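J.: Feature table excerpt (Swiss-Prot):
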type	residues	note
ACT_SITE	157	active site
BINDING	113, 156, 160	Fe cation binding site
């Protein structure tokens, strides 16, 4: 399992590179990468284990964030009620956004990132709804429609695969100005 010391920090060139496509079947190394990224998210979302291992809680972790420039990210968006199944949980490989809404969505508190240690205030406008195509660890192709928070999380992780960080989207002059009709998500 990854620890915070394993997370690549802002300033490392791998975070600004376009990641390479992943080929199938997955190598043993890529299978371990996928498993370890998801394990980090699972452990980080358990308050006791998060504290024990001194982790920062996360809902997504992209391969470049652990120093591997490959198009792979683990996403684990929990349900509001912990007894329900997650809103989205999978390792997305070679993801492509095939369609997106005209309407934007943004988190009211802004976004954060395991690779960015400082707080960067401001709204990060993203498409409120997306259709995502990706392969899972078995190479099977999935096409899913996501909206609101799960859509935002997946766009954030896909940005990592293209060398983009969340704060690149923040309006530098008016950080808390969002496009008209933006859905604000708390």
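Note: Cβ is positioned from N, Cα and C throughout, glycine not excepted.
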J.: Any idea what the Cα distance is from residue 157 (active site) over to residue 113 (Fe cation binding site), rounded to a whole Å?
T.: 10
J.: I want to verify one value. Collapsing DSSP to three states, which class is residue 113 (Fe cation binding site)?
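T.: SS state of residue 113 (Fe cation binding site) = strand.
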J.: Counting every protein chain present, what is the number of Cβ atoms, excluding its own, within 10 Å of the Cβ of residue 156 (Fe cation binding site)?
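T.: There are 24 such Cβ atoms around residue 156 (Fe cation binding site).
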J.: Applying the rule Cβ within 8 Å of the centroid of the Cβ atoms of 113, 156, 160, what extra residues of the same chain belong around the Fe cation site?
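T.: Nearby residues not in the site list: 60, 62, 65, 111, 114, 115, 157, 159, 165, 166.
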J.: Count the other Cβ atoms sitting within 10 Å of the Cβ of residue 157 (active site), across every protein chain shown.
T.: 23
J.: Return one of helix, strand or coil for residue 160 (Fe cation binding site), based on DSSP.
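T.: Its secondary structure by DSSP: helix.
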J.: Please work out the number of neighbouring Cβ atoms within 10 Å of the Cβ of residue 113 (Fe cation binding site), leaving out its own Cβ.
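T.: Looking across every protein chain shown, the total is 25.
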J.: Take the Cβ of residue 160 (Fe cation binding site) and count every other Cβ within 10 Å, whichever protein chain it belongs to.
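T.: Neighbour count, Cβ to Cβ under the 10 Å cut-off: 24.
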